[in-house]
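One structure below.
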Amino acid sequence: MAPLSLPLSSLLKHKDCLQKANAFCNVLQSLHHRPCTSRLWKRSFGAVAHGVGQLLSHRPGSPNYAASVCRSSSAGQDMTERLRAVYNETKKQTEALIPAIFTNSINPDTIFANNEMSLRDTEIYGFDYDYTLAFYSRHLHTLIFNIARDILITNHRYPEGLRKYEYIPNFAVRGLHYDVQKGLLMKIDAFHYIQLGTVYRGLDPVPEEEVIAMYDGCHVPLENMSDFYGKSSHGHTMKQFMDIFSLPEMTLLSCVNDFFMRHNIDYEPVHLYKDVKEAIRDVHVKGIMYRAVEADIEKYICYGEQSHAVLKKLSEHGKKMFLITNSPFDFLTSRIFVLRNRGMNYIVGKDWRDLFDVVIVQADKPGFFNDRRKPFRRVTDKGALQWDRIHKLEKGKIYKQGNLYEFLRLTGWRGSKVLYFGDHIYSDLADLTLKHGWRTGAIIPELRKEIKIMNTEQYMHMMAWLQALTGLIEQMQVHRDAASQAVVEEWIQEREAMRSQTKDIFNSQFGSLFRTYHNPTYFSRRLSRFADIYMASISCLLNYDFQHTFFPRRTPLQHEAPFWPEHDYLCIFSYPLCQ
């Protein structure tokens, strides 16, 4: 991570592309009555991966050949020919920018900041267990799906034909909303708008016209959205699925809906939702899943060598550490406690208790952060509960339930010196940042896959042209004659087709976890609000020292002009952000 690891000539690496970008801007300026301003082009190209936006943010230079061609057109030349000429020149100039964009790929081991935060001020590190310290293989989702499906058939008397349905690994993505009343799974953006093309009834998409008719448009009113924790309660008709364990639940809901529709069975969607929810809960709470995992721990739990390295590094630097998890217990047999102990042994090592100053299980988050009534209980190594009052949280001991207020009183760990990591935006992070002032880190395993896709030449090429085409439409829509409007309409249709392609490259049903076309998803909105930093796994901490300060990138607001070509500057350093 040494600064200035590249020669000074790196600063000039985009000179040719900058000249081409200026020419590109001039082409459009020649067809418009007012100057092509840097603000417009920064806005149009801001989403392109680390290159196009800042290249186009510079003031245009002298007219180039392409612009002069447009200017030299005879006064009687048909406007459609001029529009097609600028389209072709725009595409040519965009193609020329691709090599510069491709050099600025993102390192998936980067820690990304929503809020400025310094590790220098962080003295205590807290962790969730599932999908924070412990990562599971895809076999676990298949296991959850199969067990819950069989519970529906055996306990709730659902049709035997459901056994033909198998788990579909790439069907759903995290963060989707489910309309409990209508039985529809969908993706909603940060402004409560449904992304058309991502609404599914069963395993089939719902036509856009039908969606618009059902919702009187695409907007979901606030009173119908999920509640603060993503639940469908107190009149809310939407449920948001925010954790990775919910992927099998979404798939099972879709499969059962699909079965009923294909067999023309009349059913109540609300009952179906509640039955599936109860079946999934039984898989976890009754220990069915954990006994299956215990029988083949190596099949379901990924080895956590890097998790152990992170915890060791923190310990060696004198940092305090604690674990607060919702991990369920079956205290009649204590089998689940044994599994968690075995899981930590497998992931972190047999010395895992020596690394943590406090360990709390079955915390019942998010209630743990708000309910003052539940006291801590100590748990023996065999899972037995003790009845004595807790006056101190001791290292090496295991505690059950409790509440954050008692935790703060007993430890004194308050405010921004505490950083807590979890994968669930609501249950793990929301209350901590809003009510208690802790720093929060979101673990988003999907980042690795999405960044890998965004680093491909195919994706960068598509996004560069999509953004250029959007800017072209924005500029040229002022020509209101019928012939010009027909050409612009062709561009709009091409843009719509490309938007679908950029969605499908992530997930053919629902697209990216983070975007609904150009807008952030509802998931992204909550992530940016409740997480100071986010990363693919806690192993990303290994790339930084404990004096590091994370700075969010200053992305210009829509009414602001760019002042600094930020992305290019970052990429002249050998730093985790850029590869």
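Cβ from N, Cα, C; glycine included.
What you see is a predicted model, and the numbers here were worked out from it, not measured in a lab.
Listed in TrEMBL:
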- Asp128, Asp423: Mg(2+) binding site (BINDING)
- Asp128: active site, nucleophile (ACT_SITE)
- Asp130: GMP binding site (BINDING)
- Asp130: active site, proton donor (ACT_SITE)
| What is the number of other Cβ atoms found within 10 Å of the Cβ of Asp423 (Mg(2+) binding site)? | 23
| query | Least buried of the binding-site residues Asp128, Asp130, going by other Cβ atoms within 10 Å? | reply | Asp130
| Cα-to-Cα gap, Asp130 (GMP binding site) vs Asp423 (Mg(2+) binding site), nearest whole Å | 8
